[in-house]
Amino acid sequence: MTDIKSGGDNGKLLYCSFCGKSQHEVRKLIAGPSVFVCDECVELCNDIIREEISEISPKESKEALPSPIEIRESLDEYVIGQDHAKKVLAVAVYNHYKRLRNGDNHNGIELGKSNILLIGPTGSGKTLLAQTLARLLDVPFTMADATTLTEAGYVGEDVENIIQKLLQKCDYDVEKAQRGIVYIDEIDKISRKSDNPSITRDVSGEGVQQALLKLIEGTVASVPPQGGRKHPQQEFLQVDTSKILFICGGAFAGLDKVVEQRNHTGTGIGFGAEVRGKDQEISLTDRLADVEPQDLVKYGLIPEFIGRLPVLATLRELDEAALIQILQEPKNALTKQFTALFDMENVELEFRSDALHAIARKAMDRKTGARGLRSIVEAVLLDTMYELPSMENVSKIVVDENTIKGESKPIVIYDSKQEQAASE
């Protein structure tokens with residue numbers, strides 16, 4: 001075989017026998033017995049061969065699966081509190097990936113799938129726990145909002161779009177997607193609107209639960225490649241959802257009353273009712289910790305759907321002390337993030353202890369949990385972050401309780417040495 005760089009012996013223009021490009025359109029043209037191939041076609045053939053080989057012998061991950069204790073310790077670095085929920089998640093996730101590594105069938109015993117239901121107030125850390133798990137295990141992760149889902153054929157988002165989003169996260173690598181984690185938020189919002197069957201179809205409530213059943217339990221979903229629309233002549237990607245871990249989360253507002261009603265059935269009403277003192281009041285967290293499947297059915301989830309989420313974890317309502325910890329202790333704590341932002345301007349940022357308490361109290365008053373902390377700090381530091389890049393000789397910004405309450409602006413401390421040098 002020879003490399004052709006110019007015209008043939010008779011000056012005739014030569015073309016690639018595969019793609020038809022002339023020798024002037026490519027870098028190299030290789031000649032064989034009465035055929036020619038260009039460098040671009042050679043590269044394309046190499047890609048095809050590499051892809052075929054990788055499909056025949058996929059690389060198995062040899063990395064050791066972290067133990068439940070190691071998973072819990074990693075969660076502790078990013079999520080404050082919620083000890084019971086972390087333990088439940090660590091065991092469920094470990095068992096799920098152990099099942100994937102060793103096969104669904106062990107010594108003739110078929111191993112079931114353990115999807116997870118997280119119940120907890122807004123801002124208690126449900127989404128953060130799921131995100132942190134995916135990052136720790138280095139698997140694809142996607143989130144879906146249950147309120148946008150509808151049954152197939154109705155206006156809204158089809159449940160199979162969830163799998164499409166997961167594929168997008170890993171460049172449509174099906175094998176990788178099948179080891180991923182899907183978090184479905186606001187799952188309580190698709191509860192059945194009524195205990196009684198209705199003649200009108202509930203396409204965003206019970207209908208979505210029915211549509212999610214097979215997906216969560218395990219089915220082979222047909223997903224159009226690269227996000228295209230479905231049409232009959234199209235080739236679909238086949239994704240086995242039995243290997244995907246589904247975590248569903250919701251605040252379940254009002255579920256505590258369902259639990260309380262079950263626990264105090266028959267205590268009487270009116271003069272016969274049981275009267276409890278203030279010290280006997282049960283907290284929201286303690287009531288939710290006592291949730292049973294029958295309570296979820298009464299709330300509006302269908303029994304079949306609850307059966308597909310066998311692992312239940314309840315998250316505690318965050319108190320002031322926990323919110324202060326969240327502000328300071330995790331690896332990506334909010335105060336650390338803002339300190340880093342100010343450090344880029346060569347300015348030190350200090351949050352005094354009374355400021356942290358004031359931020360936590362404000363978040364509790366708003367009932368936004370940890371989710372509301374950032375908006376409070378952003379609002380307080382807005383003017384400072386706006387003016388700081390144009391200011392000179394600033395060495396430190398101090399935020400105290402009065403700043404959080406809106407009674408004063410952050411304290412600005414100037415570099416005295418630079419000021420003295422400027423005055424001289």
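Placed from the backbone N, Cα and C atoms, the Cβ positions cover glycine too.
Annotated Zn(2+) binding site per Swiss-Prot: Cys16, Cys19, Cys38, Cys41, in sequence order, evidence recorded as sequence analysis. Positions annotated as ATP binding site by Swiss-Prot, on the basis of sequence analysis: Pro121, Thr122, Gly123, Ser124, Gly125, Lys126, Thr127, Leu128. Feature annotation from Swiss-Prot assigns domain 'ClpX-type ZB' to 4-57; the stated evidence is sequence analysis.
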Let me know the model's mean pLDDT on the domain 'ClpX-type ZB' (4-57).
79
Within 10 Å of each Cβ, count the other Cβ atoms and name the one among the binding-site residues Cys38, Leu128 with the highest count.
Cys38
Determine, to the nearest whole angstrom, how far the Cα atom of Thr122 (ATP binding site) is from the Cα atom of Cys38 (Zn(2+) binding site).
61
Counting across all protein chains present, how many other Cβ atoms fall within 10 Å of the Cβ of Lys126 (ATP binding site)?
25
Rank the binding-site residues Cys16, Cys41 by how many other Cβ atoms lie within 10 Å of each Cβ and give me the one with the fewest.
Cys41
For Cys38 (Zn(2+) binding site), what is the secondary structure state per DSSP, taken as helix, strand or coil?
strand
In Å, rounded, how far does the Cα of Cys19 (Zn(2+) binding site) sit from the Cα of Pro121 (ATP binding site)?
61
List only the single closest residue to Gly123 (ATP binding site), chosen from the binding-site residues Cys16, Cys38, Cys41 by CA-CA distance.
Cys41
Out of Pro121, Gly125, Lys126, Leu128, which of these binding-site residues is nearest Cys16 (Zn(2+) binding site) by C-alpha distance?
Leu128
Using the Cβ centroid of Pro121, Thr122, Gly123, Ser124, Gly125, Lys126, Thr127, Leu128 as the reference point for the ATP site, which residues of the same chain not in that list have Cβ within 8 Å?
Gly120, Gly249, Leu315, Gly369, Ala370, Arg371
Other CB atoms, at most 10 A from the CB of Thr127 (ATP binding site):
16
